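Quick look at what TrEMBL annotates:
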DOMAIN    25-90  domain 'VanZ-like'
TRANSMEM  15-32  transmembrane segment
TRANSMEM  39-58  transmembrane segment
TRANSMEM  70-90  transmembrane segment
Amino acid sequence: MEGIPNFKYSYTDKFEHVFAYAVISFFWMLSCKLGKVKLSFLALFLIIIAYGIIIELLQSSVTSSRTGDLLDVMANSIGVILGYVFLKLLNRIYLQV
């Protein structure tokens with residue numbers, strides 16, 4: 001259609017955010033589970049999400065070449081949940097062996 005701008009948006013970076021935060025949360029939760037520091041899932045979730053929000057705020061306020069994105073924060077949150085689920089699945093499989 002003529003007159004309608006060609007808008008293309010790639011969500012590839014959102015998958016990268018999900019993956020990165022799944023890995024971060026998995027290993028952080030695993031280290032808390034195996035170590036002496038005992039934090040609940042909710043506490044870890046809030047800490048990791050706060051970290052992601054701070055990074056997004058810094059991107060939008062400190063740099064001129066980056067922007068903060070609410071969708072990145074949502075992707076980060078999904079990643080944290082997936083990291084938790086993966087840890088629980090591995091824990092369940094490991095305990096069954």
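Glycine is no exception: its Cβ is also placed from the backbone N, Cα and C atoms.
Automatic, uncurated: that is what TrEMBL annotation is.
For the transmembrane segment (39-58), the list of distant contacts is 21, 24-25, 28-29, 32, 68-70, 72-73, 76-77, 80-81, 84: same-chain residues at least six beyond its ends, Cβ to Cβ under 8 Å. Taken together, the residues of the domain 'VanZ-like' (25-90) have an average pLDDT of 90. Helix first, then strand, then coil: DSSP counts for the domain 'VanZ-like' (25-90) stand at 52 helix, 0 strand, 14 coil.
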